[in-house]
Amino acid sequence: MKKLLSRTSETHPLTWRLNAQQDTVWIKEYKRKNGYRAFEKVVNHMTSEDVIDLIKQSGLKGRGGAGFLTGLKWSLMPPLNDEYGYTRYLLCNADEMEPGTYKDRFLMEKVPHQLLEGILISAFALSVTKSYIFLRGEYVNTERILKQSIIEATNYGYLGKNVCGSNLTFEIFIHTGAGRYICGEETALINSLEGRRANPRFKPPFPAYVGLWGKPTCVNNVETLSNVPAIFLNGVKWYKGLSKSLDTGTKMMGFSGSVKFPGIWELPFGITAREIFERYAGGMKNNKKLKVWQPGGASTSFLIDKHLDVPMDFVNIKKVGSRLGTALAMAVDDSVSIVSLVRNIEEFFSRESCGFCTPCRDGLPWIVKILKVLEQKIGVPEDIEILEQLCEQLGPGRTFCAHAPGAIEPLKSALKYFRLEFELCVNSNSTIKCKYIHSSISEY
């Protein structure tokens, strides 16, 4: 049965301001509910070093999928001096294109000022005057809400010159993307923002030293930045106490796919996937059986029913062979062909490859071709062997960025748990070697 907890500022720092209809919280209501108090506290009573230290103590990790410590990332920015210059940038990664993921859109459309306040506090910590929100181009309504919120924040004196009576200047700009998944990678995002082709960059140099227009740059996710204000309002001890695991705070989590009540909820780290699946999402719809689930987007490995009791956090999901990712899970019922499902996923990643490196550019289309052959049940035994070889050749360290390694995770896990389904797609009467597959690479 679907049963939701009541939201309070002590238990749900990201969503407690929402009413029952989940209307957008504009600045008057946001300020009435302690909005911008954290930013005022930071500007009037803290130094940038104090802010970074507090975020380090909080244990806040990036919510974009990698789970890198936010305070550590901020501390990597070089000092203001003649060597590194006095101009630096903060970029908010709002290019949310992971299939099945909509947590950032939810936060931007429902509590936009929470994001703006998080950006302002972060900008203060990093000595940044200009910040950019790199927004997914298809999020037209989100863009409208953010633009209106920026106008409101400017009118209330939180953006512009002499913010909160200080000598500080803060500006926030919105840049809409052109619909490329690869822009979720921070250096590809930077290239796109500069007007270049959205290819990932070589590292080093890292963006913290050579980023946007060659200046020190920090890139943070929407949900990461939205967490920041509450930490300064309620303290580190409180923030750590929200979680049921070593990962601190709460996380926007959800379930989609073949569940009764697909949705998104703010929940503590460490809650089990089963509790989300059964208590919040209501279990499988139409009395169907769960076949597989992905814990955090299309680029995360498949897990099966026995893994539902795993705590939803970065460490424990990794222990069972997947990644927490965006923490918006997808449930798949037993009527779905695993070969067709993987083919669908790989087609997306093949299409979204930037084409910069050969393994990704040629390997992903090759995988799609093989899966289409298997889907038609005209494959040969060598097809499965080649898929396994491609999983190895497109793995970590073999490609320029993490796009291909992430893309093949669903395939690797599908071969692990459902190899028989792949084998049943092989034509048992075929004595022909896979000439079609071997020759197909010449097309790319």
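Every residue, even glycine, has its Cβ placed from backbone N, Cα and C.
Record features (Swiss-Prot):
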- Gly62, Arg63, Gly64, Gly65, Ala66, Gly67, Phe68, Leu69, Thr70, Gly71: NAD(+) binding site (BINDING)
- 177-224: FMN binding site (BINDING)
- Cys354, Cys357, Cys360, Cys401: [4Fe-4S] cluster binding site (BINDING)
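Sequence features annotated in Swiss-Prot and their locations in the structure.
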residue: Gly64; record: NAD(+) binding site; contacts (Cβ under 8 Å, 6+ apart): Asn93, Gly184, Asn220, Asn221, Glu223, Thr224, Thr326
residue: Thr70; record: NAD(+) binding site; contacts (Cβ under 8 Å, 6+ apart): Ile55, Leu60, Lys61, Gly62, Asn220, Thr224
residue: Gly177; record: FMN binding site; contacts (Cβ under 8 Å, 6+ apart): Asp95, Phe134, Leu135, Arg136, Gly137, Cys183, Ser192
residue: Leu189; record: FMN binding site; contacts (Cβ under 8 Å, 6+ apart): Leu91, Asn93, Asp95, Phe134, Cys183, Ala198, Val219
residue: Gly195; record: FMN binding site; contacts (Cβ under 8 Å, 6+ apart): none
residue: Pro207; record: FMN binding site; contacts (Cβ under 8 Å, 6+ apart): Glu186, Thr187, Ile190, Pro216, Thr217, Cys218, Val219
residue: Trp213; record: FMN binding site; contacts (Cβ under 8 Å, 6+ apart): Tyr89, Glu194
residue: Cys360; record: [4Fe-4S] cluster binding site; contacts (Cβ under 8 Å, 6+ apart): Ser353, Cys354, Leu394, Thr399, Phe400, His403, Ala404, Ala407
residue: Cys401; record: [4Fe-4S] cluster binding site; contacts (Cβ under 8 Å, 6+ apart): Ile182, Glu185, Ala188, Pro200, Cys357
Inter-residue Cα distance where the pair is Arg201 (FMN binding site) and Phe68 (NAD(+) binding site), in Å: 19
Under 8 Å by Cβ from Arg201 (FMN binding site), same chain, sequence gap 6 or more: Thr187, Ala188, Ile190, Asn191
Listed in sequence order, residues with CB under 8 A of Ala66 (NAD(+) binding site) and six or more positions away: none
Protein Cβ atoms within 10 Å of Cys357 ([4Fe-4S] cluster binding site), excluding its own: 19
CB-centroid shell, 8 A cutoff, [4Fe-4S] cluster site Cys354, Cys357, Cys360, Cys401, site residues removed: Ile182, Asn199, Pro200, Ser353, Gly355, Phe356, Pro359, Arg361, Thr399, Phe400, His403, Ala404
Residue, out of the binding-site residues Val219, Cys354, whose Cβ gathers the largest set of other Cβ atoms within 10 Å: Val219
